[in-house]
């Protein structure tokens, strides 16, 4: 069965049993999963162990932000769990991001394994222009996202989390090797739910995204594997 590593399925479940059932149902159609706050805070590292036992890639999406020392120490611990990608908030600043990069690489070297990819969250895809204006940044969402992406690259991060709407501009500003992981991806005709800045799977990749994160359109589908395979087919050749 064909899968595509560019598709990351968000396991937004409250229990380990529900998450496992979803992974089993999706089978070989999906190779990459996102573990976010809800699931990780509920079941801890057990879900990561399960996913690695199944031969899956793991994006641990905890969006860390604190003083540089605290984030660095947290990532040193989290690095041992075996996730392939982790993230922090870019608004934590250049020093925090640089210390995070240093921590994951030192932990990987000490353990004799490859370092996980480390990416920075720019502006949440659930935020629209009206909500963003409340933050008084005195610029547009797109301008702020590009600024944070450049800062992340300067700090040594592997990439960013950003909406598909900003992917093309980030790609131009940060180069071809910079990871752009995009939530806010909805197949045509799907409910937007709480997402504001969205694109279709193929549209996001055409805009420059390197990975797309899809949750409810797959996990809430009546036929989950069919929903995942439809997206794999849509992005084939993009």
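Residue 1 is the first one shown; counting continues down the chain.
Using N, Cα and C of the backbone, Cβ positions are placed for all residues, glycine too.
TrEMBL labels come from automatic prediction, so no person has curated them.
What TrEMBL records for 6-231 is domain 'Orotidine 5'-phosphate decarboxylase'.
Summarising the annotation, TrEMBL assigns substrate binding site to 12, 34, 61-70, 125, 186, 195, 215-216. Cβ-based neighbour count (10 Å, all protein chains) for residue 66 (active site, for OMPdecase activity) stands at 14.
According to TrEMBL, the active site, for OMPdecase activity annotation covers 61 (among others). Around residue 61 (active site, for OMPdecase activity), a 10 Å sphere centred on its CB holds 25 further CB atoms from the protein chains shown. In the three-state DSSP reading, residue 61 (active site, for OMPdecase activity) counts as strand.
Sequence-distant contacts of residue 63 (active site, for OMPdecase activity), defined by Cβ-Cβ distance under 8 angstroms and a gap of at least six in the same chain, are 37, 87, 88, 89, 121. If you look up TrEMBL, you'll see 63 (among others) marked as active site, for OMPdecase activity.
The feature active site, proton donor is assigned by TrEMBL to 63.
If you look up TrEMBL, you'll see 66 (among others) marked as active site, for OMPdecase activity. In the three-state DSSP classification, residue 66 (active site, for OMPdecase activity) falls within coil.
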Using Cα coordinates, what distance in whole Å links residue 215 (substrate binding site) and residue 61 (active site, for OMPdecase activity)?
13
Between residue 12 (substrate binding site) and residue 61 (active site, for OMPdecase activity), find the distance joining the two CA atoms and give it rounded to the nearest Å.
11
Just to confirm my parser: what is the rounded mean pLDDT across the domain 'Orotidine 5'-phosphate decarboxylase' (6-231)?
94
Inter-residue Cα distance where the pair is residue 125 (substrate binding site) and residue 66 (active site, for OMPdecase activity), in Å:
21
Rank the binding-site residues 65, 125 by the number of other Cβ atoms within 10 Å of each Cβ and report the first-ranked residue.
125
Please report the number of other Cβ atoms within 10 Å of the Cβ of residue 68 (substrate binding site).
18
